[in-house]
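Working notes, beginning with the structure itself.
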Amino acid sequence: MSKAQKRKRLNKYDGESKTPANKSTVDGGNPYPTLLRPTAEECRDVRDALLSLHGFPPEFANYRRQRLRSFSAVDDHDTQCNLKSETLNETEEESVLDGLVKILLSQNTTESNSQRAFASLKATFPKWDDVLNAESKSIENAIRCGGLAPKKAVCIKNILNRLQNERGRLCLEYLRGLSVEEVKTELSHFKGVGPKTVSCVLMFNLQHNDFPVDTHVFEIAKALGWVPKTADRNKTYVHLNRKIPDELKFDLNCLLYTHGKICSNCKKNVAKPKAKVASPDDCPLVGFYDLIV
């Protein structure tokens, strides 16, 4: 990218406000109130560039269809509870409890291993009641292929025990009727369920416009200059959720995650921000990285 092109694109996105931060300019707790990036236009450009390269990731296509359906129909929450708390059937629309457990099993492991762990859990314990009544060691054995089996088994068991004791049934469908903040409060009561897990449940299973920050999203956001290099994940989550338009959050998040997993150019840029990488033909984010090199 030429210097003139860099200047033109940088001006287009207007990276930082010239107004010094003070109490009146802090955007409701935004940790970086003077950082204007990412702009809505930049988010759209990055989304479109990654969509052209990858297409929409097929592993997230079903969640995308559920989002589209949810915006055009109102669910009967009680009916869903009666149906979805009984079995772990992959052919049905994923329940909130299924989704939460899947996300927990995906922590600190590969996607294929977490999928194998959930499939093994389903095969061993067809109903959530079976999991609740099982010995922790049996749950560990069922999910061992996903890694951290003792820790994850305890977490799953704690969730089920709390649901049974406090609500009388193993179901999280009631979360569909709550606001984002109410969902965060409810899920934070479960030991082992952290902010990223909650955000993933909000986006994938509850169809809220939330933007989870996993390792791939976090590192690319820093490399793009969307947050400072010194940012942590919590501040990145707050900033990106305030700056990225709601209508772009789901697609952009899925695409950044997918791209971060497979793009060697982005891995170089994350490791060494000033490293020379290939052309935009190989990675469409190269031109965006050029803005901050």
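Glycine residues also receive a Cβ, built from the backbone N, Cα and C atoms like all the rest.
Listed in Swiss-Prot:
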type	residues	note
ACT_SITE	Lys196	active site, schiff-base intermediate with DNA
BINDING	Asn108, Lys151, His216, Asp232	DNA binding site
COMPBIAS	1-10	compositional bias 'Basic residues'
REGION	1-34	region 'Disordered'
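According to DSSP, Lys151 (DNA binding site) sits within a helical segment. There are 12 other Cβ atoms within 10 Å of the Cβ belonging to Asp232 (DNA binding site). Cα separation, Lys151 (DNA binding site) to the residue listed as 'active site, schiff-base intermediate with DNA', rounded: 17 Å. When the Cα atoms are compared, Lys196 (active site, schiff-base intermediate with DNA) and Asn108 (DNA binding site) turn out to be 13 Å apart. Residues near Asn108 (DNA binding site) in space but far in sequence (CB under 8 A, at least 6 apart, same chain), listed by position: Gly147, Leu148. In this entry, DNA is bound by Asn108, Lys151, His216, Asp232, whose most widely separated C-alpha atoms sit 25 angstrom apart. Around the Cβ of His216 (DNA binding site), the same chain contributes Leu256, Tyr257, His259, Gly260, Lys261, each under 8 angstroms and 6 or more positions distant in sequence. With a 10 A radius on its CB, the residue listed as 'active site, schiff-base intermediate with DNA' counts 19 other CB atoms from all the protein chains.
According to DSSP, His216 (DNA binding site) is assigned to a helical segment.
Packing around Lys151 (DNA binding site) is summarised by its Cβ count: 14 other Cβ atoms lie within 10 angstroms of its Cβ, all protein chains included.
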